[in-house]
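Student: Next up is a structure, given as structure tokens.
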Amino acid sequence: MSVRHFLTLLDLSPAELEALIKRASELRKMQHAGEVYQPFVGRTLGMIFEKSSTRTRISFETGMGQFGGHAIFLSPKDTQLGRGEPIEDSARVISSMVDIIMIRTFEHEKVEKFAQYSSVPIINALTDDFHPCQLLADMQTFYEHRGSIKDKIVTWVGDGNNMCSSFMAAANQFGFELRVAAPYGFEPNPELMEKFKHCVSLVDDVQDAAKDAHLIVTDVWASMGQESEQNTRARRFAPYQVTPSMLDKADPEVLFMHCLPAHRGEEISHDMLDDPRSVVWDEAENRLHAQKALMEFLLKDKIKLN
């Protein structure tokens, strides 16, 4: 049987994604109820980090432990990858010793090549192009608060970055309408815009983009590696700050999400995270449950499901 990987949301069918989101919600309830479920006893997750993270490391490492497995953290200084070993060689060796691998790195081509030569599932835990694990948590969070996101309106505010690209893929897979409000010069990848033009549109006025939206999402103005552009970006993105008054223009049942960390006073107003329509804390916790569901799905042929 061929190995399944999760490099973008397009690697799973819409039906598989919907089932995974519902399973993640079940796993959250099981965890909160104190139920012990350990299908990964004797299994090992290799975690390759070339970009640092709080939520990604904690959620994967904790999730593997809760499942009864073991996680190994590998930074560039811990592997021969950091010394120039070819990706195909590292992929063959590491995958021969672990059951599943997650990679958080810069170039998306790196995870694609790793998957090409790996004998076990590869999970993209973030690249410069996509952040699909975050979208699993976001879709789970919407499902838990509002039910199905199909045919809803989602508004992305800010940089057309890897999170925006992942929301574009999510619009296609989950069947919602995505509006993107981004400053000129910071629009999403044009190839993705063309690919997903049936469900994604650019809206010039950010207030118009927020009208009747069921979900409003934003991210930092300068992503990791763009710190030198911070001042320039701050000037260009200032009109795109998400505030409670912006949410007032949306649907009465609107939710607000942010993948965190957030910069209060920049992409969001100081009071936005504390607004009752904000679900960022559930969203952050759901990284744990969504990724547990993902790992369970990718290893389902090797474990006993509960």
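Every residue gets a Cβ built from N, Cα and C, even glycine.
Relevant sequence annotations retrieved from Swiss-Prot are reproduced here:
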type: BINDING; residues: Ser53, Thr54, Arg55, Thr56, Gln80, Arg104, His131, Pro132, Cys133, Gln134, Cys259, Leu260, Arg287; note: carbamoyl phosphate binding site
type: BINDING; residues: Asn162, Asp219, Ser223, Met224; note: L-ornithine binding site
Student: Compile a sequence-ordered list of residues in the same chain as Cys259 (carbamoyl phosphate binding site), six or more apart from it, whose Cβ lies below 8 A from its Cβ; state 'none' when nothing qualifies.
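Tutor: The answer is His131, Gln134, Asp138, Met163, Asp219, Glu283.
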Student: Same-chain residues six or more away whose CB lies under 8 A from the CB of Ser53 (carbamoyl phosphate binding site)?
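Tutor: Ser53 (carbamoyl phosphate binding site) has long-range Cβ partners Arg104, Ala125, Leu126.
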Student: Expressed to the nearest Å, what is the distance separating Ser223 (L-ornithine binding site) and Arg55 (carbamoyl phosphate binding site) at their Cα atoms?
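Tutor: Counting only the Cα atoms, the answer is 15 Å.
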Student: Counting distance between Cα atoms, which of the binding-site residues Arg55, Cys133, Arg287 is nearest Asn162 (L-ornithine binding site)?
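Tutor: That would be Cys133, nearest by Cα distance.
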Student: Counting every protein chain present, what is the number of Cβ atoms, excluding its own, within 10 Å of the Cβ of Cys133 (carbamoyl phosphate binding site)?
Tutor: 26
Student: Near Arg55 (carbamoyl phosphate binding site), which residues of its own chain have a C-beta under 8 A away, given they sit six or more steps off in sequence?
Tutor: Leu260, Ala284, Arg287
